[in-house]
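Trainee: Relevant sequence annotations retrieved from TrEMBL are reproduced here:
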- 694-747: domain 'Large ribosomal subunit protein uL18 C-terminal eukaryotes' (DOMAIN)
- 31-56: transmembrane segment (TRANSMEM)
- 62-86: transmembrane segment (TRANSMEM)
- 107-130: transmembrane segment (TRANSMEM)
- 150-168: transmembrane segment (TRANSMEM)
- 180-203: transmembrane segment (TRANSMEM)
- 209-231: transmembrane segment (TRANSMEM)
- 252-269: transmembrane segment (TRANSMEM)
- 289-311: transmembrane segment (TRANSMEM)
- 332-361: transmembrane segment (TRANSMEM)
- 405-424: transmembrane segment (TRANSMEM)
- 436-457: transmembrane segment (TRANSMEM)
- 545-565: transmembrane segment (TRANSMEM)
Amino acid sequence: MEEPFLPRDEELVPGKTTWQKGHLTVELKKLSLLAAPMAIVTIAEYLLPVISVIVAGHNGELQLSGVALATSFTNVSGFSILYGLVGALETLCGQAFGAKRYEIIGTYTYSAIASNIPICFLISILWIYIEKLLVSFGQDPDISRVAGSYAFWLIPGLFGQAVVIPLTRYLQTQALVLPLLYTAVATLLFHVPVCWTMVSVFGLGSNGAAMAISVSFWFYALILACYVRFSTSCEKTRGLISDDFVSCVKQFFHYGIPSAAMVCLEWWLFELLVLWSGLLPNPKLETSVLSICFTTAALHYVIPGGVAAAVSTRVSNNLGAGNPQVARLSVFSGLCLWLVESIFFTTLLFTCKNIIGYAFSNSKEVVDYVADLAPLLCLSFILDGFTAILNGVVRGSGWQHIGAWNNVVSYYLIGAPVGVYLAFYRHFNGKGLWSGVVVGSAVQAIVLSIIISSMNWKEQVFVKPSKSNAYFKRYQVKFRRRRDGKTDYRARIRLINQDKNKYNTPKYRFVVRFTNKDIVAQIVSASIAGDIVKASAYAHELPQYGLTVGLTNYAAAYCTGLLLARRVLKMLEMDEEYEGNLEATGEDFSVEPTESRRPFRALLDVGLIRTTTGNRVFGALKGALDGGLDIPHSDKRFAGFNKENKQLDAEIHRNYIYGGHVSNYMKMLNEDEPEKFQTHFSQYLKKGVDAESMEELYKKVHAAIRADPNPKKTEKPAPKTHKRYNLKKLTYEERKNKLIERVKALNGAAGGDDDDEDDEE
């Protein structure tokens with residue numbers, strides 16, 4: 001994975017409570033490297049509709065008025081909602097990136113895009129009827145017609161923004177801001193000739209301006225999507241985890257709805273100011289001046305907005321990584337940048353207050369009114385920058401719900417009433433309305449300052465990782481038996497969880513398992529140390545009761561369940577009180593409680609066995625029920641249950657219990673294929689079991705089980721003592737003498753050979 005734009009050296013040590021000068025310098029550098037590109041990106045995105053308004057305005061005042069009105073309406077009713085919703089990704093993706101949960105970041109982003117699409121459809125329906133809405137609000141029909149047509153052709157761009165904004169947050173939270181910078185500037189440069197071509201060359205007018213915005217938005221989305229898909233920087237984070245998609249959508253809306261409320265409530269207030277200004281004396285002057293103030297404030301907000309995005313990214317990354325002090329330092333560094341920025345721009349605005357109005361109007365009256373509002377506008381610059389930084393902290397910390405309620409109280413319960421009172425009752429006109437905005441911003445800043453200053457950063461770090469660990473536990477290694485496909489732990493939890501009013505009381509399970517040659521039935525209770533087996537019965541015990549063949553069929557399963565039931569009741573001295581069903585008739589049977597003690601209750605645990613109708617596991621269940629155990633059940637899975645009339649045929653079930661299905665098969669096979677019958681049932685024939693005596697055999701086995709269900713103890717033979725053949729250990733003298741004898745023997749043999757050679761010569 002490539003390194004992001006920010007350097008990662010000289011990080012603060014987590015848990016350290018003191019800051020040094022070098023730490024602040026490093027953090028200021030990191031924030032600046034993040035904030036500067038994000039500010040340029042914001043400017044480029046802001047200029048796209050502005051360029052369309054300017055180009056369309058050259059076709060006449062009607063086009064200019066209609067496009068301006070449509071731009072204002074679409075911003076309020078559409079784009080503000082999308083920008084607000086995607087604020088959830090600053091929390092989710094930012095903290096996931098800090099916690100190195102790279103695999104979930106892409107899923108969060110895709111869930112945001114998928115969630116935005118249906119919202120865009122709803123907004124599109126509203127935009128289609130903009131003309132009628134504006135006319136009903138008293139707007140000029142011609143202007144409303146142009147605005148409605150412009151908004152209609154802007155609908156494709158709305159869907160493009162539904163892709164662009166999540167991808168922007170996706171890259172921003174990973175500090176990959178240079179790709180954002182390049183793509184935003186490239187989109188702006190692409191938009192200028194496209195807009196001019198569609199409006200002037202093709203003669204499409206205001207509709208061409210809207211089409212150009214839509215094309216540019218999709219061009220923007222295509223570049224970002226290609227970068228995410230092919231860049232190695234996004235290799236670890238662009239994956240999609242389909243199993244978590246629904247839960248990611250839920251989390252997106254959990255943070256996105258209050259985040260959208262934060263953005264929309266503030267955005268809509270400024271639009272209300274412009275509408276209210278039309279009700280003041282001299283509405284043209286008041287509306288023009290407030291529009292100039294609003295535009296100036298929006299242009300200024302680009303800088304603190306970029307710093308706020310940087311602070312949000314740094315706070316969320318460090319909270320996810322478990323570094324609370326670095327997150328605090330990021331907030332402090334952001335406030336330092338805000339202080340420098342505020343001093344510079346307020347000084348610049350106050351110095352140029354007498355000439356700034358000429359950038360928007362040639363009217364002396366408008367310019368003087370703007371100069372009169374300059375001190376309030378400077379104060380608004382200061383408060384807007386401060387609240388922008390604090391809102392970035394709120395988004396990075398996941399406190400969007402607090403920010404939403406704060407905006408409701410600050411702007412609509414305090415700021416707006418104060419502005420209306422000063423404007424209409426104290427006759428301060430536009431200055432009074434803007435004073436209400438300043439009061440609302442001041443209240444918002446005070447409340448957020450108190451909340452953030454009293455925030456326990458260590459607890460905030462503890463809350464976020466604990467939630468992430470609980471959510472991401474599915475990405476940890478599963479239990480071995482889960483990996484082997486042997487245990488369904490979700491079903492097991494449902495079986496072993498005891499009711500609260502039965503605390504510390506064992507919850508017993510009737511466990512049935514099958515092997516190739518055996519049937520295992522156990523009464524088991526769960527504990528922290530593991531499962532505790534209270535009693536068990538096996539099919540290989542049935543030869544002791546007279547059943548020597550067919551130890552794995554339905555009838556043998558019934559016998560095993562009956563043996564376990566009688567054995568555990570005998571152990572608890574309840575066998576005489578609960579005798580169960582003495583004769584297996586095949587009908588459903590449930591034990592009735594007596595006056596003294598309730599029956600022994602257990603829950604059926606089939607494990608991974610397929611619970612099909614007539615499965616052998618239900619034969620063991622039927623045996624346990626007839627043996628006197630209380631097991632919650634239904635007769636729908638017993639052999640002989642008819643799905644059409646939804647009734648249990650007791651005769652068929654009885655036939656299975658007494659081995660009738662085996663007996664019938666023996667008769668059929670003996671008639672059709674005698675040779676196969678001899679090999680298939682060789683053990684039956686060897687033991688003297690035939691088809692006619694099958695039922696009597698099982699009746700005797702049932703009676704023997706009831707007579708003595710206790711397990712038969714078999715004495716294991718003692719292990720054989722094997723004779724050891726160790727050689728006798730020789731002493732040193734004995735080994736030395738033995739060696740001398742060998743040497744003498746060798747010398748003697750060598751001397752004999754020499755004599756033979758002399759004789760030959």
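Cβ atoms here come from the backbone N, Cα and C positions, even for glycine.
Predicted, not measured: the structure shown is a model, and the values here were computed from it.
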Trainee: For the transmembrane segment (150-168) and the transmembrane segment (209-231), decide whether they are in contact, meaning at least 3 CB pairs lie under 8 A, counting pairs 6 or more apart in sequence.
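Mentor: Yes, the transmembrane segment (150-168) and the transmembrane segment (209-231) are in contact.
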Trainee: Taking contact to mean 3 or more CB pairs closer than 8 A (sequence separation of 6 or more), are the transmembrane segment (180-203) and the transmembrane segment (31-56) in contact?
Mentor: yes
Trainee: I'm a bit unsure how to read this: which one of 31-56, 107-130, 436-457 has the highest number of Cβ pairs shorter than 8 Å with the transmembrane segment (209-231)?
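Mentor: Between the stretches 31-56, 107-130, 436-457, 31-56 has the largest tally.
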Trainee: Where among 31-56, 62-86, 332-361, 436-457, 545-565 do we find the most Cβ pairs under 8 Å to the transmembrane segment (289-311)?
Mentor: 31-56
Trainee: Six or more residues out from either end of the transmembrane segment (545-565), which same-chain residues have a Cβ under 8 Å from its Cβ atoms?
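Mentor: Counting only partners 6 or more residues beyond its ends, the transmembrane segment (545-565) has Cβ contacts under 8 Å with 510, 512, 514, 516-519, 521-523, 535-539, 580, 584, 614, 616-617, 619-629, 639, 656-659, 661-662, 683-684, 687, 689, 697-698, 700-702, 704-706, 709.
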Trainee: Against the transmembrane segment (107-130), which of these stretches has the most C-beta pairs under 8 Å: 31-56, 62-86, 332-361, 436-457?
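Mentor: The stretch with the most close Cβ contacts to the transmembrane segment (107-130) is 62-86.
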Trainee: With DSSP helix as H/G/I and strand as E/B, how many residues of the domain 'Large ribosomal subunit protein uL18 C-terminal eukaryotes' (694-747) fall in helix, strand and coil?
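Mentor: Helix (H, G, I), strand (E, B), coil: 30 helix, 0 strand, 24 coil.
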